[in-house]
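One structure is given below, encoded as structure tokens.
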Amino acid sequence: MLDPRLSVAPMVDRTDRHFRFLVRQVSLGVRLYTEMTVDQAVLRGNRERLLAFRPEEHPIALQLAGSDPKSLAEAARIGEAFGYDEINLNLGCPSEKAQEGGYGACLLLDLARVREILKAMGEAVRVPVTVKMRLGLEGKETYRGLAQSVEAMAEAGVKVFVVHARSALLALSTKANREIPPLRHDWVHRLKGDFPQLTFVTNGGIRSLEEALFHLKRVDGVMLGRAVYEDPFVLEEADRRVFGLPRRPSRLEVARRMRAYLEEEVLKGTPPWAVLRHMLNLFRGRPKGRLWRRLLSEGRSLQALDRALRLMEEEVGEEGEKEKPGPRGQREAAPGPAREGV
């Protein structure tokens, strides 16, 4: 059964396997999504590079984009074979590239095609096929139109709807589309009341766990995006307060785990910066956090991370962890729980 309560949004050039691994160290319960992946890339590209992920990343969803039912169905089959727990169809990307390719938000103009796509994908796989959509297009959305779109997709077998609670303005940039169209989370709340048999996840502009908890009283789930990338420890209390799991490790312990991960990845030929760039915000708002960023940005190596870690060990200590007497009476940090992501 898909647990929709809390998830991290698919973000292009952000939610790759390295960032997802980092997030999993902060929260065991949160649901992870890949970057948006076009169906043709799955069919013709390097599948191992595009789709491979570590077992620790579960639960994880593959987000696909495209406009051809057969191609998307085949891409969904491939994703399921790789072990993804969910296949999500992007109906929200407003970018010029998406419009040229006939996928993303512009597909909302052709609900008959959307239904055909979703039916084909649903018949191709056994895992849930879900959608991530906007309220509508060009600021002309109405609640009635949104509800009709949901009904049409539900008839095609979709049970889970992730709704970015904004319209898509196709003449604007992707960044502007995250900021200019007004948020209408109340429409998503209303959808849950009108379609109680369906699952609704609201998304857009949610910056804190407190905000997420507010919406969780009204809908089935909340998806956070940029806030998590800007500070992964927005999710610090998510396991305890949302999933009833023990509190996760401190920032310093997560940094140490990422150091071990980076060492392993470098041996596989991964450029260090591919991992380090996602770690820049790990100490956001903390003492010496800016120096941490600078050391990683300038050094871009395992050695640079080691220097930054030594700095944080001296300046921050074992944040959030109890201390116990050392062998000679000095104070030392008690070891954190030896839990790894599952």
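Numbers run from 1 along the shown chain.
Here the Cβ of each residue, glycine as well, is placed from N, Cα and C on the backbone.
Pulled from Swiss-Prot, these are the features on record:
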BINDING   Pro10, Met11, Val12, Gln63, Lys132, His164, Asn203, Gly204, Gly205, Gly225, Arg226  FMN binding site
SITE      Asn90  site 'Interacts with tRNA'
ACT_SITE  Cys93  active site, proton donor
SITE      Lys97  site 'Interacts with tRNA'
SITE      Lys175  site 'Interacts with tRNA'
SITE      Arg178  site 'Interacts with tRNA'
SITE      Arg290  site 'Interacts with tRNA'
SITE      Arg293  site 'Interacts with tRNA'
REGION    313-342  region 'Disordered'
COMPBIAS  313-331  compositional bias 'Basic and acidic residues'
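Positions of Swiss-Prot features highlighted on the structure.
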| residue | record | Cβ within 10 Å |
| --- | --- | --- |
| Pro10 | FMN binding site | 25 |
| Val12 | FMN binding site | 13 |
| Asn90 | site 'Interacts with tRNA' | 22 |
| Cys93 | active site, proton donor | 25 |
| Lys132 | FMN binding site | 26 |
| Lys175 | site 'Interacts with tRNA' | 9 |
| Arg178 | site 'Interacts with tRNA' | 16 |
| Asn203 | FMN binding site | 25 |
| Gly205 | FMN binding site | 18 |
| Arg293 | site 'Interacts with tRNA' | 17 |
Exercise. Within 10 Å of Arg226 (FMN binding site) (Cα-Cα), which of the recorded positions Cys93, Lys97, Lys175, Arg290?
Worked result: none
Seminar exercise, completed: argmin Cα dist to Arg293 (site 'Interacts with tRNA') over the recorded positions Val12, Asn90, Cys93, Arg178 returns Val12
Seminar exercise, completed: Cα-Cα, Lys132 (FMN binding site) versus Lys175 (site 'Interacts with tRNA'), nearest Å, comes out at 17
Seminar exercise, completed: Per DSSP (helix/strand/coil reduction), Asn203 (FMN binding site) sits in strand
Exercise. Helix, strand or coil: which one is Arg178 (site 'Interacts with tRNA') in, per DSSP?
Worked result: coil
For this session: Looking only at C-alpha atoms, tell me how far Arg290 (site 'Interacts with tRNA') is from Gly205 (FMN binding site), rounded to the nearest Å.
Result: 25
Problem set entry | Cα-nearest neighbour of Arg178 (site 'Interacts with tRNA') within the listed recorded positions, Pro10, Asn90, Cys93, Lys97, Gly205 | Gly205
For this session: Would you mind checking how many other C-beta atoms are within 10 angstroms of the C-beta on Arg290 (site 'Interacts with tRNA')?
Result: 12
For this session: Could you round the CA separation between Lys175 (site 'Interacts with tRNA') and Lys97 (site 'Interacts with tRNA') to a whole angstrom and send it over?
Result: 14
